[in-house]
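Written below as structure tokens is the structure these notes are about.
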């Protein structure tokens, strides 16, 4: 009796294992195959073995695919669950002090007891002595003499530094004029020609002939003002030309503004602000430590420093500029007595003025008194400049025009 079992030839060699797996059902192959057996067969015959991936495995991604998927996932907006998780980590100050009692009952950083202990400390005494000694050395090593007036003052800023600051102020000035819609008069305008004529005579006596002077006459009839920015930038508002009716009066105005640059008042003002700022912020620190508001301390301290230090220094600089400008216009053969009449007209046009002790400028009355005291010396300066011949010729020419006589010189 023959059996129904299929007889297969016996295979030997490296093909026996692969053929046996091919004849097995697919389910059996997936069940019997294991990663270890596949790796061992592949190691035995890498070219002839059949690689079967293990169950629940996926093809390995390349490096660029993984980076691309990561970048795409990072650009996706967070879902609602992620947003809720992030909100749970937000810091809420109220949970530490819900009723505000901790902040209300907090002690000041500095008390009278702690301040007294610090003041009595030998280390504090040593630091104070060294600080005062360093401040004195720094102050006396930066003293200098103001030209013309001979006043001694403290100044740590060089003229090059002040000139660079003046360039920034010059650009801001042009920007403000452009934004306000105010235009500068042309070079051939009679008012510009007049200002340039007076400036041309004053500059040689200022000692600042190396500056590149630029003159701008601004069309602003309602503004009576003039200023000279460090670096030789001159701005004259047309409203002041109606008050300075003569060239000598205009020379008093321009000489005053040039004198601010001659005496380097900008650098002196910046240097003095170093000490006042140190004092102001020290007061703010102490006031914040003992419970006072720093903003209130800053406001009160700045007002006090302005009245006690800044405004008196500004008035002293204005008086000094009046003196230097008066001597300058006298040497340029202008009539210094016109300065008195100019400030009298300025007093009439100015109206009510604030008290002098809170103002940055001296009152017009005090200016007139000072100029009258300086007039004899200014007239001597004018006489030393050999202005008689020029004045005599001008008077003769004026009389000739009145009488219609033609003067001919050979």
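Each position is counted from 1, following the chain as shown.
Any Cβ shown, glycine's included, is placed from N, Cα and C.
These numbers come from a predicted model, not from an experiment.
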Completion exercise
Range annotated transmembrane segment in TrEMBL (choices 258-277, 278-297, 298-317) is 278-297
Practice task
Can you dig out which of the ranges 124-141, 142-159, 160-177 TrEMBL describes as transmembrane segment?
Solution key: 124-141
Exercise for the section: Give, as a single whole number between 0 and 100, the mean pLDDT over the domain 'Peptidase M48' (192-374). Expected result: 88
